[in-house]
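Asks: Just passing along the structure, written as structure tokens.
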Amino acid sequence: MSTPTLPDMVAPSPRVRVKDRCRRMMGDLRLSVIDQCNLRCRYCMPEEHYTWLPRQDLLSVKEISAIVDVFLSVGVSKVRITGGEPLIRPDLPEIVRTLSAKVGEDSGLRDLAITTNGVLLADRVDGLKAAGMKRITVSLDTLQPERFKAISQRNSHDKVIAGIKAVAAAGFTDTKIDTTVMRGANHDELADLIEFARTVNAEVRFIEYMDVGGATHWAWEKVFTKANMLESLEKRYGRIEPLPKHDTAPANRYALPDGTTFGIIASTTEPFCATCDRSRLTADGLWLHCLYAISGINLREPLRAGATHDDLVETVTTGWRRRADRGAEQRLAQRERGVFLPLSTLKADPHLEMHTRGG
């Protein structure tokens, strides 16, 4: 019997909704397309040199399409392209075109978004729009060029700002700006970032500093908590109102007195494990149930060995039904909480790195 080709193995199967052991539905897939990045942010990739995934192991566009079809069959309705830095990947427009063609009621895919550091965005945004990208999130930790250089170890602040402005000019809506907030580094810029976001038709989301793989300099005293953020912003703006939460998105959203909105993702002090519907696929096809997961399920190997669409649906369904991960809650419960994984462990297995599994 001949090995099935990829077009043979993506035959549609009925959509099912799968629950894990904590009764959490699968809904959101974080799809890393590359592990490399052109920044060296101190909270994610502080080292200058890394061990990259073997290039021959990276999923092709057809393989990405086939695996995404599997996840759509078991209830995923949102796909977010991540990295590393996804804009580094040369065939990203083809990936976006392939995935955007799936958006619609028939497949169940309702949302296709991308998270980028913005360095290459100004030159790529029109191509992303033409390829069918729906939403863009840009990481921006500071409005001050010197601070940007200190945090990212690169001198690219002007390029990121230009990229964000290009997103607005291209007509994208529901744009987000993600800011990792660190005490002593940028915690005094929250209001300034909200004001900047207003000018580019975006909503800023403040993220507590997390102790995930790669955060080898993490310490509790550097965490500027959700409570700290709200207290700081109320001193500037007055009473801040929480907004109703209607889905499993990680951000708690708030409104200023004038109606301007922003979000806070408090994964460190208030984990959302109880409602987490997301999983992650690395660029080489390792499926991870949690950002803190130590191991995952390799989907690339069976795919390349000739597994059918339904074979992979069974693998993913079984894997999700066994899922009991509550990594952030377990970290919060630790009495002596320090760095999650030492540098030596990270160097031995690049799959443990934050930049490999996507934020």
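Each residue, glycine too, has its Cβ placed from N, Cα and C.
Pasting the feature list from Swiss-Prot:
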- Arg30, Arg80, Thr115, Lys176, Arg278, Ser279, Arg280: GTP binding site (BINDING)
- Cys37, Cys41, Cys44: [4Fe-4S] cluster 1 binding site (BINDING)
- Tyr43, Gly84, Ser139, Met210: S-adenosyl-L-methionine binding site (BINDING)
- Cys273, Cys276, Cys290: [4Fe-4S] cluster 2 binding site (BINDING)
- 21-241: domain 'Radical SAM core' (DOMAIN)
Asks: Near Cys44 ([4Fe-4S] cluster 1 binding site), which binding-site residues out of Ser139, Met210, Cys276 have their CA within 10 Å?
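Replies: Checking Cα-Cα distances against Cys44 ([4Fe-4S] cluster 1 binding site), the binding-site residues within 10 Å turn out to be Met210.
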Asks: Using a 10 Å radius around its CB, how many other CB atoms surround Arg280 (GTP binding site)?
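Replies: The Cβ of Arg280 (GTP binding site) has 23 Cβ neighbours within 10 Å.
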Asks: I need the neighbours of the [4Fe-4S] cluster 1 site defined by Cys37, Cys41, Cys44. Which other residues of that chain put their C-beta within 8 angstroms of the C-beta centroid, in sequence order?
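Replies: After dropping the recorded site residues, what remains is Leu39, Arg40, Tyr43, Met45, Asn117, Ser152, Gly214, Met354, His355.
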Asks: Give me the sequence-ordered set of same-chain residues, not including Cys273, Cys276, Cys290, with a C-beta within 8 angstroms of the centroid of the [4Fe-4S] cluster 2 site's C-beta atoms.
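Replies: For the [4Fe-4S] cluster 2 site, the extra neighbours are Arg24, Pro271, Phe272, Arg278, His289, Leu291, Tyr292, Asp325, Arg326, Gly327, Ala328, Glu329.
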Asks: Reduce the DSSP letter at Ser279 (GTP binding site) to three states and note it down.
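Replies: DSSP call for Ser279 (GTP binding site): strand.
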Asks: Which one of these binding-site residues, Cys273, Cys290, has the sparsest Cβ neighbourhood, judged by other Cβ atoms within 10 angstroms?
Replies: Cys273
Asks: Using Cβ atoms only, which residues of the same chain lie under 8 Å from Arg278 (GTP binding site) while being at least 6 residues apart in sequence?
Replies: Gly27, Asp28, Leu29, Arg30, Thr248
Asks: For Ser279 (GTP binding site), just count the other CB atoms lying within 10 A of its CB, please.
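Replies: I get 26 for this one.
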Asks: Counting only residues 6+ apart in the same chain, whose Cβ is under 8 Å from the Cβ of Cys37 ([4Fe-4S] cluster 1 binding site)?
Replies: Cys44, Met45, Gly83, Gly84, Glu85, Ile88, Asn117, His355
Asks: Could you give the Cα-Cα distance between Arg280 (GTP binding site) and Met210 (S-adenosyl-L-methionine binding site), in whole Å?
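Replies: If we compare the Cα positions of Arg280 (GTP binding site) and Met210 (S-adenosyl-L-methionine binding site), the gap is 17 Å.
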Asks: Tell me the Cα distance separating Cys41 ([4Fe-4S] cluster 1 binding site) from Met210 (S-adenosyl-L-methionine binding site), rounded to the nearest angstrom.
Replies: 13
Asks: For Cys273 ([4Fe-4S] cluster 2 binding site), name the DSSP secondary structure in the helix/strand/coil scheme.
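Replies: SS state of Cys273 ([4Fe-4S] cluster 2 binding site) = helix.
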Asks: Near Lys176 (GTP binding site), how many other Cβ atoms are within 10 Å of its Cβ?
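Replies: Result for Lys176 (GTP binding site): 20 other Cβ atoms within 10 Å.
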Asks: Report the nearest neighbour of Cys41 ([4Fe-4S] cluster 1 binding site) in space among the binding-site residues Thr115, Ser139, Lys176, Cys273, Ser279, comparing Cα positions.
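Replies: Looking at Cα distances from Cys41 ([4Fe-4S] cluster 1 binding site), the smallest one goes to Ser139.
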